[in-house]
Amino acid sequence: MSSSPDIAYVILAAQKFSSISAYVNFCFGLIGNLLLILIFMNLKIFHGNRCAFYLIAECLVDLAQLSQQFANEIWTLSLNGADPTKNSLIWCKLRTIMPQWCRLMLASIVCYAAIDQFFSTHYHRRFRQYSSLEMAKFQIGLAGCLCLAHTIPAGVFLNIDPVFGCVISSQALVNYYSYAFYPFLSGVIPTLISSVFSLLAYRNVRRIIRRQIPLERRRLDQQLTAMIFVRVIFFIWSQLPFTVYRIFSIRWVMPPGNTVAYAVTRWAQVISTALAYTSYAANFYIFYATSIRYRRQVKYFFTKRCALVLRRCCGWHPNVVQPLEILSGESGSELK
């Protein structure tokens, strides 16, 4: 059995790791998500594209999630390490409602994007007509309202316990989170939907050469399908440990005075949480690392921005790569 000072050091190390991971995720996520928004909104190739719209919406959700985590860490620092959710009932409720809403929205958007890519790359014209920007806007609005409505019970039944802090006072709601929300609504269901439709979309683009469509559109479909496929894989990989931990933590009652169990649970919490939050911060970087065409688009974006600045400041007119070259600069396919 470890001594009390050793256990205290382990718990303190977990707290430090949690704070550092929150700062790192916020910094990288802020930069990456803002760059994604700027690139998708400024490059004409993405204008009116449903998949780009879904990714922009996801960036906004990611920024909201990372901001609330960062705000909690700053507040904790100002209280010398004390948990602000144990001192403020409003923050106790918001600290639970906001992550829950963002988690559901993230799962919804990832599923919507995978489904949209399946329909938009389908060889039957009738299926391709189901994919439209108006439908994408309606789905995001509907998902936002439904996810917000889902958080109402948590806002009603959350209270501050003198011993355990911010907890749910309704046993029925605890059972719902344990047996329905985490295992299925935010676990199995979005994982199954996103993985199945991303694989089907991947299969569609493997056959896309048979369709008589412009080369630029074909390569854009290939690029976006590859990006969504990678996004789904990273989403499952990063969210699964947190889902398992939350199911375990809601149902398991810690023995009083068991500091070893508390230290192990604390480390399981901070590692799974840090991993889950990377899903809100890493989109730009995983796209940049896995997509050759996206790297060219990023390079074109920065070249164009720099060219505009130089043109305004110095009157210099450099040669800028044309948008079509972004997609057709290399003959190899990313999906091979």
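Glycine residues also receive a Cβ, built from the backbone N, Cα and C atoms like all the rest.
Per TrEMBL, domain 'G-protein coupled receptors family 1 profile' is recorded for 32-287.
Per TrEMBL, transmembrane segment is recorded for 20-40 (among others).
Long-range contacts of the transmembrane segment (140-160) within the same chain, counting only residues at least 6 positions beyond its ends with a Cβ under 8 Å from a Cβ of the stretch, are 53-54, 57, 85-86, 89, 92-93, 96-97, 100-101, 104-105, 108-109, 112, 166-170, 173. The transmembrane segment annotation in TrEMBL covers 140-160 (among others).
Taken from TrEMBL, the feature transmembrane segment applies to 180-202 (among others).
For the transmembrane segment (223-247), same-chain residues at least 6 beyond its ends with a Cβ under 8 Å from one of its own Cβ atoms are 49, 51-52, 55, 103, 106-107, 110, 113-114, 117, 121, 177-178, 182-183, 186-187, 191, 194-195, 198-199, 201-202, 204-205, 268-269, 271-273, 275-276, 278-279, 282-283, 286-287, 290-291, 293-294, 327, 334-335. Among the features that TrEMBL reports, transmembrane segment is placed at 223-247 (among others).
According to TrEMBL, the transmembrane segment annotation covers 267-288 (among others). Within the chain, the transmembrane segment (267-288) has long-range Cβ neighbours (under 8 A, six or more residues past its boundaries) at 10, 14-15, 17-18, 21-22, 25-26, 28-29, 31-33, 35-36, 55, 58-59, 61-62, 65-66, 69, 102, 106, 227, 230-231, 234-235, 238-239, 241-242, 244-245, 248-249, 294-295, 298.
The list of residues near the transmembrane segment (180-202) in space but at least 6 beyond its ends in sequence, with Cβ under 8 angstroms from a Cβ of it, reads 103-104, 107-108, 110-111, 114-115, 117-118, 121, 225-226, 228-229, 232, 235-236, 239-240, 243, 246-247, 250, 335.
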